[in-house]
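**Student:** Following this message is one structure expressed as structure tokens.
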Amino acid sequence: MTDEASANTSTGRQRAAVLRGLGTHLPSRTVTNEELSQRLDTSDEWIRTRTGIRQRYWAEQGTATGDLATEAGTRALKAAGCDGVDAVILATSTPDHHCPGTAPDVAARLELGTVPAFDISAVCAGFVYALATAAGTIAAGIAERVLVIGAETYSTILDPQDRNTSVIFGDGAGAVVLEAGAADEPGALLGFDLGSDGRYKDLITVPAGGSRQRAQGPEDDPSQFCFTMQGKQVFTHAVTRMGESSEALLGRVGWSAESVDRFVGHQANVRILHALSDQLGIDRDRAVVNLDRVGNTSAASIPLALADGVNSKEIKAGDRVLMTAFGGGLTWGSTALIWPDINVV
Ligand code: ACO
């Protein structure tokens, strides 16, 4: 345990991971529903009414997840007013390479020295998993400050001919700095509920390219390397799992659903967010929605929604904020905090 960790324990105040700054980055290229309708059998009307999405951002050719992550990380460090951290955790399911992880490269590009840096692969629940990992690292006294990033370039794994997936996903990155502090101060992560159910692993998958279905060479079917999703079944699981996880977390934290000021759910589909709000008993207008502008950005979804919520003044210092996410695996996770008075860059 570090000196600071033992000092904090000796004060009697419980040590916790506290949010100090938030930064985001989106690629410059906007892709509208109209643009997709020109090359796919779909329409702006279908996409808007079935998902709530109006546009998304796709990275230009040559831009990778690590590039977006580095930009968001730079901004989070600036927002937190710090130039160093003790660890970097990157949540992504679109890493720059299978090997090595993307986080060490991001840490080096951010000139953070030789700090531990690793990727977490929990698909759309990845950011909440990364927050939990960082909080555990801080609680154990292994680190005082951790940079947690969620970054994705789903545009690189989408099948351009698949209207079921191409209209839904966007690219982007969001990052936070967590620092050791006290559990009773604003910004402290108050608890976690995490889960997985691998029986449904095939509902969301990139079939080939791993050790199960190895790349063979030119005879490979390119579609096997693209993202697939059984949307209807995923929808049902998303509502059930995020609902149960949110309820478990609220119980753990001791909050009633009515006391939640802002509900930040994974931005997959506005119908899922409405169904979840209704199920939990949280007014729909307390749900932060930015998927209309950015689409489903997987592991970047929660930090991008938090930033938009703050910038639109929907999330204010002192608000009780509940976050919940769900993704392939299946994986899910929830956490909560009192929103702190921090910078968002
Ligand atoms: N444009 C027009 N028609 C379409 C499109 C499209 N882009 N996509 C599908 N359709 C058609 C289907 O082919 C189907 O036609 P059919 O009735 O002739 O077979 C019809 O629309 C209805 O399709 P459904 O799949 O039933 O549509 P649904 O209302 O379920 O919406 C969607 C699909 C948006 C994918 C929804 O199911 C959804 O949001 N699912 C959850 C996604 C999610 O939560 N993901 C989170 C995890 S993501 C991750 O981890 C990476």
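Every residue gets a Cβ built from N, Cα and C, even glycine.
Remember, TrEMBL labels are computer predictions, not curated facts.
As annotated by TrEMBL, domain 'Beta-ketoacyl-[acyl-carrier-protein] synthase III N-terminal' applies to 118-198. Positions annotated as active site by TrEMBL: Cys124, His266, Asn296. Feature annotation from TrEMBL assigns domain 'Beta-ketoacyl-[acyl-carrier-protein] synthase III C-terminal' to 252-339. Annotation comment: TrEMBL describes 267-271 as region 'ACP-binding'.
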**Student:** Once the chains shown are all counted, how many other Cβ atoms turn up within 10 Å of the Cβ of Asn296 (active site)?
**Tutor:** 24
**Student:** In whole Å, how far does the CA atom of Cys124 (active site) lie from that of His266 (active site)?
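**Tutor:** About 7 Å separates the two Cα atoms.
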**Student:** Suppose we draw a 10 Å sphere around the Cβ of Cys124 (active site). How many other Cβ atoms does it contain, all chains included?
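**Tutor:** There are 33 such Cβ atoms around Cys124 (active site).
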**Student:** State the non-local partners of the region 'ACP-binding' (267-271) in its own chain: residues 6+ outside its ends, Cβ under 8 Å from one of its Cβ atoms.
**Tutor:** 50-52, 124, 168, 235, 238, 289-292, 294-297, 301, 304-305, 326
**Student:** Within the domain 'Beta-ketoacyl-[acyl-carrier-protein] synthase III N-terminal' (118-198), count helix residues (DSSP H, G, I), strand residues (E, B) and coil residues, in that order.
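**Tutor:** Across the domain 'Beta-ketoacyl-[acyl-carrier-protein] synthase III N-terminal' (118-198), DSSP assigns the residues as follows: 25 helix, 29 strand, 27 coil.
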**Student:** Mind tallying the region 'ACP-binding' (267-271) by DSSP state, helix then strand then coil?
**Tutor:** 2 helix, 0 strand, 3 coil
**Student:** Give the distance between the Cα atoms of Asn296 (active site) and His266 (active site), rounded to the nearest whole Å.
**Tutor:** 8
**Student:** Along the domain 'Beta-ketoacyl-[acyl-carrier-protein] synthase III N-terminal' (118-198), what average pLDDT does this model show?
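**Tutor:** Averaged over the domain 'Beta-ketoacyl-[acyl-carrier-protein] synthase III N-terminal' (118-198), the predicted model reaches a pLDDT of 98.
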**Student:** List the residues of the same chain that sit at least 6 positions away from His266 (active site) in sequence and have their Cβ under 8 Å from its Cβ, in sequence order, or write 'none'.
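**Tutor:** Result: Cys124, Ala125, Ala238, Met242, Ile272, Asn296, Ser301, Ile302, Thr324, Ala325, Phe326, Gly327.
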**Student:** I want to verify one value. Collapsing DSSP to three states, which class is Asn296 (active site)?
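**Tutor:** Note: Asn296 (active site) is in a strand by DSSP.
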